[in-house]
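Taken straight from Swiss-Prot:
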type	residues	note
MOD_RES	Lys126	N6-acetyllysine
MOD_RES	Lys126	N6-succinyllysine
MOD_RES	Lys135	N6-succinyllysine
MOD_RES	Lys184	N6-succinyllysine
BINDING	Arg213, Arg334, Ser498	substrate binding site
MOD_RES	Lys265	N6-succinyllysine
MOD_RES	Lys265	N6-acetyllysine
ACT_SITE	Glu306	active site, proton acceptor
ACT_SITE	Cys340	active site, nucleophile
MOD_RES	Lys365	N6-acetyllysine
MOD_RES	Lys402	N6-succinyllysine
MOD_RES	Lys411	N6-acetyllysine
MOD_RES	Ser499	phosphoserine
Amino acid sequence: MATCIWLRSCGARRLGSTFPGCRLRPRAGGLVPASGPAPGPAQLRCYAGGLAGLSAALLRTDSFVGGRWLPAAATFPVQDPASGAALGMVADCGVREARAAVRAAYEAFCRWREVSAKERSSLLRKWYNLMIQNKDDLARIITAESGKPLKEAHGEILYSAFFLEWFSEEARRVYGDIIYTPAKDRRALVLKQPXGVAAVITPWNFPSAMITRKVGAALAAGCTVVVKPAEDTPFSALALAELASQAGIPSGVYNVIPCSRKNAKEVGEAICTDPLVSKISFTGSTTTGKILLHHAANSVKRVSMELGGLAPFIVFDSANVDQAVAGAMASKFRNTGQTCVCSNQFLVQRGIHDAFVKAFAEAMKKNLRVGNGFEEGTTQGPLINEKAVEKVEKQVNDAVSKGATVVTGGKRHQLGKNFFEPTLLCNVTQDMLCTHEETFGPLAPVIKFDTEEEAIAIANAADVGLAGYFYSQDPAQIWRVAEQLEVGMVGVNEGLISSVECPFGGVKQSGLGREGSKYGIDEYLELKYVCYGGL
């Protein structure tokens, strides 16, 4: 069984001086925080202190396949992004484990698809109830492995659980059709049937919600799943597995195979090319999505892709400045700018530009506090790793070298290598990296524009189209712009648009299909036409 590296006999000696703040001790079935405060500067302590008192059953480190917790031949470390300290060692699954998980899921599918919609609904509801009962522990796991501020982590757990609740209800609403044909002696039926085993590959920025948004729909439809969570945040996926087991979800219906970054490519390829897999659902970068699409093409598998974005945030002269700033703060700085629907470029009309920039800068200075995600008052945690920080830093330096002005922020934060100051740039032009590369960090570049047509042209120039936002008090303009923006989701005078009841997805290279809402379950259902003759 994989254990916390701090207390593995050889690991403690090797890593003790490198990660002095991590003080977890192993207990059968998971990791348990050691007693006593973690040493070191308060702002850089390992998140182990925030895990004190956590249910040992939720801190799993092995893979979950066929209803059993299984070790792998190797393990990999999961790190606290705030300090770099290791939280624990997790099973590093390879191709062999991936194929075993697919087979377990396929065997379970042969039984699960026969389970009544009412029973599937009941089991999903039990899973939801367990998430709500354990919401505090689940939130702390998210903060520990991703750095997300605890308040936001609590919000994610509720959002995550609501997908299970929603799809528990949708499970009983999978209806077919009866079609009357021109021939009097025939009747046509349209059945909706589960597609089969779904390979689910999820990101680190929402390590719980991105799983339940996919898995809730899949299980409601009668599919089974193999989840490959992001290597940075496997603990959330494994905690969900424990709760699924407690809820009575049958063995093999929900499987989790964590793996290291080194093994991620081959494991992803293995589950996406396995002939027993019928469906692939992926949330992540457009680059990786294209690779998975290539794998799916060889066997023509059904695919759902939620990929990168370059969300424009447009502020027209008629906008209410205070409302626009509030929306900008919510859209840009949630999860320290690490969301796929995060505003990436701010297009502000000339007449309101100066007032907006001034108010935006003041709001950032007043309301944003960088720190450890477990500390009360923190609104901006660390970025997931130093590579993410380097990307933000590169974009800022590129913009400044080409004439942009730093209004506030602009550099790494003194707290540590994975922290970056919330940054506002003005005098930004379209030749700068930050206007055509997804940042995934706390950088807000402002471009000044003159006409509505100019703003639409800039926004639609991107080859991706996930989300877009704009602020206006002109009713005619609102209709025009909402219809003309080439994105899958539009926020009109609103910076937070995600909801379990509404379809989530993009156009162009931002993906295929929709998740959540009444449409989400259709991604896991096949239509079958049955013709009855001789009547």
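Backbone N, Cα and C define each Cβ position, glycine as well.
Owing to the predicted nature of the structure, the values given are computational and were not obtained by experimental measurement.
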List, in sequence order, those recorded positions among Arg334, Lys365, Lys402, Ser498 whose Cα sits within 10 Å of the Cα of Cys340 (active site, nucleophile). none
In whole Å, how far is Ser498 (substrate binding site) from Lys126 (N6-acetyllysine) when you measure between their Cα atoms? 24
Between Lys365 (N6-acetyllysine) and Arg334 (substrate binding site), what is the CA-CA distance rounded to a whole number of Å? 15
Determine, from DSSP, whether Glu306 (active site, proton acceptor) sits in helix, strand or coil. strand
Can you tell which of the recorded positions Arg213, Glu306, Arg334, Ser498 lies nearest to Lys135 (N6-succinyllysine) in space, using Cα positions? Arg213
Integer Cα-Cα distance in angstrom, Arg213 (substrate binding site) to Lys411 (N6-acetyllysine): 35
How many neighbouring Cβ atoms, not counting its own, are there within 10 Å of the Cβ of the residue listed as 'active site, nucleophile'? 25
Reduced DSSP state (H/G/I helix, E/B strand, rest coil) at Lys184 (N6-succinyllysine) is coil
Which of Lys126, Lys135, Lys184, Lys265, Arg334, the listed recorded positions, has fewest other Cβ atoms within 10 Å: Lys184
According to DSSP, collapsed to three classes, what secondary structure does Lys402 (N6-succinyllysine) have? coil
Cβ-based isolation winner (fewest other Cβ atoms within 10 Å) among the recorded positions Ser498, Ser499: Ser499
Lys402 (N6-succinyllysine) sits from the residue listed as 'phosphoserine' (Cα to Cα, rounded, in Å) at a distance of 39
The largest Cα to Cα distance in Å among the residues Arg213, Arg334, Ser498, listed in the record as binding substrate, is 19
Arg334 (substrate binding site) versus Lys265 (N6-succinyllysine) - Cα distance in angstrom: 29
Roughly how many Å lie between the Cα atoms of Ser498 (substrate binding site) and the residue listed as 'active site, proton acceptor', rounded to a whole value? 14
